[in-house]
Structure formats: C-alpha cells, structure tokens
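So the structure is just underneath, and the comments pick up after that.
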Amino acid sequence: MAATDLERFSNAEAEPRSLSLGGHVGFDSLPDQLVSKSVTQGFSFNILCVGETGIGKSTLMNTLFNTTFETEEASHHEACVRLRPQTYDLQESNVQLKLTIVDAVGFGDQINKDESYRPIVDYIDAQFENYLQEELKIRRSLFDYHDTRIHVCLYFITPTGHSLKSLDLVTMKKLDSKVNIIPIIAKADTISKSELHKFKIKIMGELVSNGVQIYQFPTDDEAVAEINAVMNAHLPFAVVGSTEEVKVGNKLVRARQYPWGVVQVENENHCDFVKLREMLIRVNMEDLREQTHSRHYELYRRCKLEEMGFQDSDGDSQPFSLQETYEAKRKEFLSELQRKEEEMRQMFVNKVKETELELKEKERELHEKFEHLKRVHQEEKRKVEEKRRELEEETNAFNRRKAAVEALQSQALHATSQQPLRKDKDKKKASGWSSIYSVTIP
C-alpha cells in the first residue's frame with residue numbers, strides 16, 4: 001500500500017493534473033500586470049559598435065534613434081583599442097529606454113592588429129562578471145541594477161567589395177560565443193548594386209566556412225517567423241546613415257546628396273537601413289535581451305560557477321547543497337595547499353642540497369687554489385733564498401777582490417813613493433864619489 005502511494009505521489013509530481021475553474025479567478029490579468037511593471041521599471045538596451053575609425057558608427061546610431069548623440073571625435077592615432085560607453089535616457093510614448101552605446105575606439109588603427117579583439121572581449125566579460133557578482137550578493141537588488149551586459153554587437157564591415165579582412169574574421173570568431181553579432185556593410189552607397197550583392201554572398205560564405213556564428217532572427221514565434229525568415233536572407237545588411245534632410249519631391253527625407261543624385265536612407269531600394277531598424281528595434285529587441293541573458297550570460301555564469309566548484313547533480317544522485325559544495329571545495333583547496341606546501345618544502349630541501357653541494361665544490365676549489373698558491377709561494381720563496389745566497393756569495397767575493405785590489409793599489413803607491421827617494425840618494429852618492437875623484441886626480 002505504501003509503495004502504491006509513493007508511486008502515485010511520484011506520478012503526481014511528474015504530471016500535474018489539469019483542472020477546470022468554476023468561475024472567474026483573475027490571474028488572466030498577469031500579462032497586463034507584467035506589462036505595467038515593465039513600463040514602470042523601464043528597459044535597458046546596450047549596443048556595441050565595432051568597426052574601423054571613420055566608417056560611420058556614430059552617424060548610424062544617430063540615424064537609428066532619430067536623434068543626435070554627443071560623441072567625441074576619434075582620431076586614427078590610438079595606441080590601442082579602448083571601449084567608450086555612453087548612456088542615454090530615451091523616451092517614446094510612455095516607454096523609457098536606458099540606451100548604452102559602446103564604441104570600440106581605435107579598432108583597426110594599429111600596425112599590429114593581432115590583439116585588437118582582446119579589449120572588446122575583456123569588456124564584455126567584465127559586464128558579465130559585474131552582473132554575476134550582483135547575483136551572488138546576499139542582499140542583491142537586481143530591480144535597481146543597471147544592466148550593462150552587451151545585447152547586440154553591430155559589426156561594421158568596410159565596403160571593399162572583395163572579401164572580409166582577417167581582422168574581421170578573427171574578431172567575430174572571438175565574439176560569437178559572447179554576444180549577438182549582426183554584421184552590417186557600412187557606407188553601402190560606395191559600391192554598385194551588383195558588387196554589393198556579390199559582396200554579401202562572399203561575406204556569408206566566409207562566415208560559414210570559418211565557423212562564425214552570427215545572430216539569426218528567431219523563427220519560432222509565429223507572429224514574427226515569416227518576416228524574420230525573410231530578413232535572415234538579407235544578412236548582412238547594407239546600410240547608409242545620414243542625419244541631413246534633403247528635399248525630394250514635395251517632402252524632406254533623410255538622405256545623402258551627391259552630384260549624381262540622392263541616396264535616401266529610408267528607401268529600401270537604396271539601402272537596408274529600414275530592415276536593420278525594424279529587425280533591431282521594433283521586432284527583435286526583446287529577443288536580443290533574452291538571448292544575452294539565457295545564452296551568452298548563462299554560458300559565462302556556468303563556466304565561472306564550475307570554476308568555483310559548483311556542479312549540477314545527476315538524475316540518480318542527491319542534489320548537492322551549498323554546504324556540501326563549500327566543504328568539498330574547502331577540502332580540495334586544503335589538499336591542494338598541502339600539496340603545494342609539500343612541493344615547496346621538497347623544492348626548498350633540494351635547493352638547500354644543491355646549495356650545499358655548490359658550497360662544498362666552491363670550498364674544494366678554493367682549497368685547491370690555496371694549496372696551489374701556497375706551493376707557488378714556497379717555490380718563489382726558495383728561488384728568492386737561492387738568489388739571496390748567490391747575491392751574498394757574489395758580494396763577498398766582490399768584497400774580497402776589492403780588498404785585494406785595494407791592497408795592491410796601496411802597495412803600488414807605497415813603492416812609487418819610495419823610488420824617488422832612492423834616486424836622490426843615488427844621485428847624492430854619485431856626486432860624492434865624483435868629487436872625490438876630482439880631488440885625487442889633478
């Protein structure tokens with residue numbers, strides 16, 4: 001009996017019963033309540049404009065919303081790509097719209113364009129992170145939170161008439177998983193209709209072959225399925241922007257005046273501006289907001305929560321509570337910390353051993369060098385002693401010879417001084433004898 005009741009309760013949870021009402025209750029006014037609440041709260045819509053400097057991003061925004069936004073003139077000498085968001089409060093009838101236009105200033109102006117997409121990706125992720133942090137707060141206030149997540153990226157393509165640039169393909173590939181991309185051909189009045197048609201086909205072919213996922217207007221809603229299906233075939237839109245009014249016939253229209261004629265912005269035979277405005281604002285603005293939240297933000301949120309250790313439970317297993325997730329992550333961090341500490345300790349021990357070996361090797365080298373220098377010193381000392389002895393012997397011999405020479409010199413001087421005295425004596429003796437002889441012999 002208990003098993004039967006359990007099965008009955010399980011089936012009741014899986015398949016709720018449909019009941020008929022006996023009279024009017026009043027919850028059929030829920031759509032009206034939702035509309036009233038939404039109108040009171042207002043809406044936010046955030047557009048990211050990516051394209052080369054001077055391609056007409058600001059002009060197109062002014063044309064789309066039929067107003068003049070205050071923007072700074074951008075130069076072609078930006079050192080890097082920077083994102084410049086500007087927020088405006090718009091009102092049409094009783095609907096308030098907080099519009100944020102984010103311009104990728106300096107995109108494509110650098111010589112090295114390898115990392116031109118990086119600031120754009122970082123900005124989109126930063127807005128997702130801000131929203132996630134608001135969601136994770138204990139006291140959160142999403143009702144008053146200004147949602148800055150990018151709802152659509154209008155990617156402006158230079159009208160070369162040939163093919164997409166490598167920078168365009170790389171950037172759109174990096175962005176397609178983070179934002180709804182609508183490619184548009186800017187300044188479409190600079191190429192002929194035949195060239196424009198071929199250019200569109202070429203662009204779509206390159207996007208498909210390179211796996212770039214652009215935003216497709218939804219066809220699951222019967223109310224807009226037909227028009228969206230038709231508009232999907234016109235992508236990318238070839239647009240012309242202008243805030244100047246030119247008189248055509250008896251009325252003033254927004255157009256661009258050329259010597260050869262007038263290009264009317266809202267003439268669908270001249271460009272796709274009206275198609276872009278209808279698809280972007282009138283028909284699919286809410287779907288762009290919904291896709292941003294349910295697809296792109298959810299992907300970012302899921303990756304972040306998985307990094308934090310959260311995961312969905314399997315169908316057969318019990319769901320994980322926040323405490324269990326916290327404890328599991330805490331144990332994981334502690335084990336990782338212990339592993340890191342052990343690695344650092346082992347690294348320190350190995351480093352100490354290596355240092356000790358190096359010190360011992362240095363000590364051995366210094367000892368060998370000392371012994372070598374000691375031997376060299378002793379050898380030099382021995383040689384110096386030998387030289388000293390030889391010098392002393394030579395000095396003694398020199399002194400002896402000097403003494404002998406001095407003795408001989410003194411003897412010679414003595415002998416030289418005695419010889420004149422003998423000569424004088426001899427002379428005197430001779431003269432004496434001669435006088436004697438002279439006396440005896442007359």
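Cβ coordinates are placed from backbone N, Cα and C, and glycine is handled just like the others.
Feature annotation from Swiss-Prot assigns GTP binding site to 51-58, Gly106, 187-195, Gly241, Arg256; the stated evidence is similarity to another entry. Sequence annotations record features per position, and here Swiss-Prot assigns coiled coil to 322-410 based on sequence analysis. What Swiss-Prot lists as compositional bias 'Polar residues' is 408-420, 432-442. Annotated domain 'Septin-type G' per Swiss-Prot: 41-307, in sequence order, evidence recorded as sequence analysis. Per Swiss-Prot, the feature phosphoserine maps to Ser10; the stated evidence is similarity to another entry. If you look up Swiss-Prot, you'll see 51-58 marked as region 'G1 motif'. Under the heading region 'G3 motif', Swiss-Prot lists 103-106. Swiss-Prot lists 186-189 with the feature region 'G4 motif'.
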Legend entry - Chain residues in Cβ proximity to the region 'G4 motif' (186-189) (below 8 Å; excluding those fewer than six residues from its ends, i.e. six or more beyond): 51, 55-57, 60, 156-159, 196, 238-241, 256, 258, 263, 270-272
Legend entry - the compositional bias 'Polar residues' (408-420), counted residue by residue under DSSP: helix, strand, coil: 13 helix, 0 strand, 0 coil
Inset, instruction - Can you check how the pLDDT averages out over the coiled coil (322-410)? - result: 89
Legend entry - Residue among binding-site residues Gly51, Gly54, Gly241 with least C-beta crowding, 10 angstrom cut-off: Gly54
